[in-house]
Each structure stands twice: as C-alpha cells, then as structure tokens.
C-alpha cells in the first residue's frame, strides 16, 4: 500500500492539516505541529489534541501515514554548547508534541557544524542529541532527513545517516527520510531507472531499507551534485518523472509516508493523483 500526500498547512489548528490532506485526496500528509520559525510555542491544549485525533479518525489517517516535521531552527549538531542545549530542549518538545497528538514519527534535518567542528564531531553530537531526546520521551521515532549539503549541513551522504544511526542506542526509534531533490543535489543520480537502481542499492547497503520511514518526493530546480536545495514540481525540474514512477512501483517504499514538498501547491491534487496512477503499473521489482 502506498501512502501519498503533501506537507500541508496547519494554519488555524493542527486539525486543519488533516482536513486539507483529505481535500487533496491524500493518503498521507506532513505538517508542523508549531510555527517552524519560532523557538517557543504554547503547549498543545487538550481540545486541540482531541480535535486532531478526531479529524484523523474521521478521515482515516493513522500515525503510519503522518510525517510531522520539526522546526528549522533546531541544530542537533551545533558546535556551541549553549545553542546545542537550546536545540535539544526544542527537539524534546517537538517529540512530546507528537506523542500528545498520537503520532509515531518526527522528521528532522540532522544538523550543521558551522565550520567550527569537524564532520565526525558534529555527527557524534547529533547522535548524542537523539539519544538524550529519546531517553526523555517515548513512542516516537526520530526520522533523520538527508540533506542537499548546502552550507555546512551534514546528512548529504548516506554514510552520514549510517554513522548517526550506528551511535543511536535505541535502534527501534531511529529511521531516515530520503528527499529526492536533496539526494540529487548531493550527487545521487535519479534520472533513469538504472540511476534509481544504483542509488537505492547504495541506500540499502549503506543505511538499510529497514530504517526507511518516509520519503519526500520533490523534483529539483538545482543542478545535479550542486549541493543546492531548490525544489520543483514533479517532471518540471532536472530529475524528471522516472524516479517518482519507480518509487510508486517498488514495494520497498510501501507503507511509509511519501510526501510532496513541491513548489506549486495548486497542483498537489494532480500530482497525488498521478503518483497513485503509477502504483497501478506493473511493479519494478
């Protein structure tokens, strides 16, 4: 079963994200549970939690179909202790919010060394941050997203993701989300079926498909191996549509949220419908 949707707005309340996903005829969705560009947010009120859970029940969304994203401000590999502590506290709060909403996943960007510590030190800090956060919470899996490698962001190599996972103590509560635009911009080609075979074989070998908890389905305005993160609508960028059809026909991507973060939300419903149609084609495996 393929779960397909988009990162929808939670303006007006988190329950509104559920309604917006339903209106797109999505079978999955992503959301922010708080303002993604602010450190602090009011705690979730009981009535807000209840409305969200009721909306999910009404429209048939389980936690396996929902991939919340944390704040963009959080840097779990921050080289400065005070800033690192602030990020860790905020990340724990994000996990708690997911827990309260009955969600089982939290997607996040791993972190940046800001040119002040080396890659391995930063990866170790990220893993330590995850361990601290998992110890302080329960029931929610920390889902590390690959990055385009823009600036000093880590996570652009599959080896980075594997190194973090290796250091996480509770392997049952860590996973990865692969963003196709980020992978392409980081040098993982996805333009042909053969490219897809090679890239996903590398993912399986280096990270392991048992850790795959979600996908972000985005074409790229950015060039191949440019280390620039610029999303585009499916088929309108430099990747093309092949990889998205490939994913929809491959059982390794079943039962996880497959989320659009493409640039034109006016055509999300069309993109979702097209993705669903690809799942009906003979499987690639």
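Positions of Cβ are set from backbone N, Cα and C atoms, glycine also.
Site annotation (Swiss-Prot, ligand Zn(2+) 1) includes 69, 109; from 23, 25, 145, 159, the additional listed residue is 145. For the Zn(2+) 2 site, Swiss-Prot records 145, 179, 216, and the single candidate of 94, 119, 236, 261 listed with them is 261. Site annotation (Swiss-Prot): Zn(2+) 3 is bound by 229, 231, and the candidate from 182, 198 recorded at this site is 182.
For the binding-site residues 69, 109, 145, 261, a Cα to Cα distance of within 10 angstroms from residue 182 (Zn(2+) 3 binding site) holds for 145.
Take the mean position of the Cβ atoms of 145, 179, 216, 261, the recorded Zn(2+) 2 site; other residues of that chain with a Cβ within 8 Å of it are 107, 146, 177, 178, 180, 181, 182, 215, 218, 259.
The number of other Cβ atoms within 10 Å of the Cβ belonging to residue 69 (Zn(2+) 1 binding site), over all protein chains shown, comes to 24.
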